[in-house]
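Asks: Below you'll find the structure I mean.
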Amino acid sequence: MMNKQAIEHEPILAQRILAHGLGLLLFISMLMLWDDLPQLYGTDALLPDDLLYLRQDFIIGKQLQLLSDALGGVKSLGFLYLTLCVLLCFRVGGRYLAALLLLLHLSFFRSVIFFTYGFDQLATIALFYCIMLPSTGFIYLLRVHICLIYFFAGLDKLLGATWWNGEALYKALTLPNGHQDLLPLLHWLAQWSLLYKVSGIAVWLSEITYPLFFLLKDYRYRLWYAIVFHLSIAYIMQLYLFSGVMLLLNFAASPPRKL
């Protein structure tokens, strides 16, 4: 009986996890860009509007300038974005607010591909589920979705030779934006090429086999894998927002009753 009640309560917990966590992450992401907003999206942007419009992949992005002009500048639009993030974090406005934030998020971060990366795409996915949850069927769709994300991330690595010989892993760990204090150790470890080869294979193998975690009755194995995997990415590569949203999706897919 308790197990049945817990399962029925999962979509509600998933929606709460996404709302609280995503509101915070999106708030932080906007603050990180705050000083540069005029240079990226304002009238005095580094790239001219006409050039940006050639590469826009979402129609609402073309209205970004109109919206910012109507509100008195791109920072006014950014302030609206921050306000919606706070409201989402406190679960005010429900799915309607999440839908409005999704449209604004697409306008800022998904309309111009020059300024997007994995976090923006994953945040779009998470906002979609903020709108659809706590409908029961969508938590199962979220589980399928996250399995596909990991599987195809691993498959892409599997098909590339550099993830077999360790080169891609070495480059990923030693990127300029990574944890600089670890660079001497990472360079020193490079003398044992087999270590990077085995580690590279382990990365894509763990991603491809991620869906198998859902065959286990105990969800904690999958959550601990996600915690270790993404905290390692956050620490070594300093991709904090990316790691944060991936952990959110994992916890929302199977809300933990205990770890």
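A Cβ is built for glycine as well, from the same backbone N, Cα and C atoms used for every other residue.
TrEMBL lists these features:
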DOMAIN    4-258  domain 'HTTM-like'
TRANSMEM  12-34  transmembrane segment
TRANSMEM  70-90  transmembrane segment
TRANSMEM  97-117  transmembrane segment
TRANSMEM  123-141  transmembrane segment
TRANSMEM  148-166  transmembrane segment
TRANSMEM  194-216  transmembrane segment
TRANSMEM  223-249  transmembrane segment
Asks: Calculate the per-residue pLDDT averaged over the domain 'HTTM-like' (4-258) and state the result as an integer.
Replies: 80
Asks: Do any residues of this chain, six or more beyond the ends of the transmembrane segment (123-141), have a C-beta under 8 angstroms from a C-beta of it, and if so which?
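Replies: Apart from its flanks, the transmembrane segment (123-141) reaches 8, 10-12, 14-15, 18-19, 22, 25-26, 29, 88, 95, 98-99, 101-102, 105-106, 109-110, 245, 248-249, 252-253.
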Asks: Go through the chain and flag residues at least 6 beyond the ends of the transmembrane segment (148-166) whose CB is under 8 A from any CB in it; none is fine as an answer.
Replies: 122, 193, 195-201, 203-211, 249
